[in-house]
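What follows is a single structure, written as structure tokens, with notes after it.
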Amino acid sequence: MAEGSGRRVTYANFSTIDFMHDFAKERIRLKRLREHGTWLANLFDASQAWLVVAFVGVATGILAVFIALVEEWLADLKVGYCRDYWYLNRKFCCWMQEEEACSTWVLWGDVVTGNDDPLSVGPQFANATLATLVRRTEPHHEPATTGSFLAAYIVYMAMATLFAFLAAFMCKHLAPYAAGSGIPEVKTILGGFIMRKFLGGWTLIVKTIGLPLATASGMSVGKEGPFVHLACCVGNIFPRLFTKFAKNEAKKREILSAAAAAGVSCAFGAPIGGVLFSLEEVSYYFPYKTMLRSFFSAMMAAVTLQVLNPYRTGKLVLFQVTYTKSWHSFELLFFMLLGALGGLFGAFFIRLNLWVSTLRKHTWIRRHPVQEACTIALVTALISYVNVYLRAGSDKLVGSLFRACPSTTTLDPDAFLDDMHEDLCAREKLAATAGLLLIAAAAKIALTIVTFGTRVPCGIFIPTMCIGACVGRVLGMAVAAMARGFPTFFLFAACAPDEECITLGPYALLGAAAFLAGVTRMTVSLVVIMFEITGALTYVLPIMITVMVAKFVGDAFGHESIYDGLIRLNGYPFLDAKAEYIQAVHAGEVMTVTSDLAVIPAAGWTLADCETLVREDAHMGYPVVESAKSMVLVGFINRTELVYAHEQARKRPDANDMTPVIFGPVPSAASAATSPVLGNLSSFGVVAAHAASGHVPVLDLAPWMDQTPITIVARYPMEMTIELFKKMGLRYVLITRNGQLLEEGGD
């Protein structure tokens, strides 16, 4: 490629890609294929992207099923084990038996104390004080002894600590990139940044194993965010089979955008929401064809999840519910209140979590990630075990909170999903239940603030939704109590006197949406995800109102989401395509002046000069000019290409320190310094020429130079300059005047 944006070597780690160059390379490849390829070759080329995204969707769905089953088994393993089939969780162990009389499920407390009685299921405290905080999940069983309870408590904490230790140990010693959510890094990578190994196979393996360990430990983390990272790992591995993606970073990012959609599709059972999440939250470049492929990949992931049916319920996620009753107009006031609470919580959470992350990053804690994870897991287990709602696990708790109460006045036990659901609907326990939910929410807030960011695979979606669902359910209980206590109040005039006016489940749903919106600042995708979870078209408007109020309130304290904050904290080079940058300056006022740059003349330099430049100068690229006197711009060469060309030239036996280096035809102003170029010899991609006088080898680096760099004038508005970077994916722009590289800033 003698002209245009030049040749490129493989991008260096922690560098940015050149979108324009990669798009140009793809256009040239397609042109050659159309001109010289057969119809079969063209058909295969056109189908490659669809094959890749289909594989990514199916593989992500399989991974999601594996993680869900392993997580549920490990979580149940903290309490007991299946006597006949050790590899089954409690649900499948007792599949053909009554849950309350399951003889094959054995509790650790009974094993330790020698009271291996399957009908004695705890825990229940011996004293009345602790009994006010804890109730048995199986009230029909005989009371457990104090010794059995303490033994179960100790085993529960030991198991939780062990799971956290294994997850943190693997992340520290095997794949450091497997820790965390992964969404901030995925956003940065899709924005054009290179992070080797972050989407590699080893990271995929460790995160697939570590994620169920971390979530089953009971730590306040979720698996939904890491699903995006896992899907992108899959989306990074499959394209290696096809040259058009393996050798083009810009094309590969189209696959990664589709993979992100598949990850959310598996996390929430929301394929359409996954596509919108990829568009709204993580993707930097999202053309129409990428949207179609994202939709296809998300669909394949959801189909795989539906076919494998990991929960044997026909539902894609545990907290998938359906509402039959609509809402009343006066409830919009309470929905907006939930939105305001969600926005306030989001602003509060982001600041505190970033403060904790900064503390973790700059103190001794950073050197001991395994000990930190074990300590947090132990404290979490210590707190969670004494509260039935925390002990149940975030997924199950959210599922119970989302569900509406049965339309019955007798509270028939058969009408409830489980005992937790029955407690949430019992009017006589309203105050106690609300108190336990508020305690659970407060504990969850504190634990999530310190847990999110530890060196284990961890997400923020489910913990935040769990907090919001608890708060929303309590608010719903309060509104329902007011409607029953003051039926003549004007707000409740629309309520029928002979039926329950307020449906509690939607309040939990809206609370979860509001708190998640406050933390992530998601809007459209979040509304669609919540709609797909419930399938209730009548609640789309309340969800929209709640989410928008949460975003407005949160933005009043800062526009930064938790992911944007982590990107800033980690120092990743990310230019937010959605953000508005108001800069009342011109490009010339903020440019790097030539006195602070290394400018290369098109002729007159030697190999030794190039070696000195790359050794002593840290810039990522260098403008090439005709001469230091004229400063007429010839092009721009990246540091990576200059280093590569220099190294390859050094391998030639006829090259030495004094070998002249030129960039294209020798300019007339410098012709006296260099002999005329007569011929070209190619070696390792480096063009060498022999001059007629004495056959002196001359190194021509023009093929590695961007001969058509984007240039602007000094008075070009900075806002428009930023738009160029965002819209075109630029790495640099050069400021010129009449073709000359501008030496000084200002106007």
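In case you wondered, yes, glycine gets a Cβ from its N, Cα and C as well.
Residues or ranges marked as transmembrane segment by TrEMBL: 49-70 (among others). A Cβ distance under 8 Å defines the sequence-distant neighbours of the transmembrane segment (49-70), meaning residues of its chain 6+ beyond its ends; these are 89, 208, 211-212, 216, 223, 227, 230-231, 234-235, 238-239, 241-242, 245, 254-255, 258-259, 262-263, 265-267, 289, 293-294, 296-305, 308, 310-311.
Residues or ranges marked as transmembrane segment by TrEMBL: 150-171 (among others).
Residues of the same chain lying 6 or more positions beyond the ends of the transmembrane segment (199-221) and with a Cβ under 8 Å from any Cβ of it are 63, 66-67, 70-75, 77-78, 159-161, 163-164, 166-167, 170-171, 174-175, 177-179, 182, 189, 229-230, 232-237, 256, 373, 376-377, 380-381, 384, 391, 393-394, 444, 447-448, 451-452, 454, 456-460, 462-463. Per TrEMBL, transmembrane segment is recorded for 199-221 (among others).
Sequence-distant contacts of the transmembrane segment (227-243), counting only residues of its own chain at least 6 positions beyond either end whose CB sits under 8 Å from a CB of the stretch, comprise 48, 52-53, 55-56, 59-60, 63-64, 181-183, 185-186, 189, 199-201, 203-204, 207-208, 211, 251-252, 255-256, 258-260, 262-264, 266-267, 282, 301, 459. According to TrEMBL, the transmembrane segment annotation covers 227-243 (among others).
Cβ atoms under 8 Å from those of the transmembrane segment (255-279) belong to residues 49, 52-53, 56-57, 60-61, 63-64, 186, 189-190, 199, 223-225, 227-232, 234-236, 238-239, 245, 285-286, 290-291, 293-302, 305, 315-317, 320, 461, 522, 524-526, 528-529, 531-533 of the same chain, restricted to positions at least 6 beyond its ends. Feature annotation from TrEMBL assigns transmembrane segment to 255-279 (among others).
For 332-350 (among others), the entry in TrEMBL reads transmembrane segment. If one looks beyond the transmembrane segment (332-350) by at least 6 residues along the same chain, the residues whose Cβ comes under 8 Å of a Cβ in the stretch are 445, 448-449, 464, 467-468, 471-472, 475-476, 479, 491, 507, 510-511, 513-521, 542, 545-558, 560-562, 565.
Long-range contacts of the transmembrane segment (370-390) within the same chain: residues 123, 130, 133-135, 137, 153, 156-157, 160-161, 163-165, 167-169, 172, 217-220, 360, 397, 420, 423, 436-437, 439-440, 443-444, 447, 450-451, 454-456, 470, each at least 6 residues beyond the stretch ends and with a Cβ under 8 Å from a Cβ of the stretch. Sequence annotations record features per position, and here TrEMBL assigns transmembrane segment to 370-390 (among others).
The transmembrane segment annotation in TrEMBL covers 430-454 (among others).
Annotation comment: TrEMBL describes 460-483 (among others) as transmembrane segment.
Here the transmembrane segment (504-530) has long-range neighbours at 264, 268, 270, 272-273, 276-277, 279-281, 321, 323, 327, 334-335, 338-339, 341-347, 349-350, 398, 401-405, 424-425, 460-461, 464-473, 475-477, 479-480, 536, 539-540, 542-544, 546-551, 553-555, 559, 561-563, meaning same-chain residues at least 6 beyond its ends whose C-beta is under 8 angstroms from one of its own. According to TrEMBL, the transmembrane segment annotation covers 504-530 (among others).
Within the chain, the transmembrane segment (536-554) has long-range Cβ neighbours (under 8 A, six or more residues past its boundaries) at 322-323, 326-327, 331-332, 335-336, 338-340, 342-344, 346-347, 506, 509-510, 513-515, 517-518, 521-523, 526-527, 530. Residues annotated as transmembrane segment in TrEMBL: 536-554 (among others).
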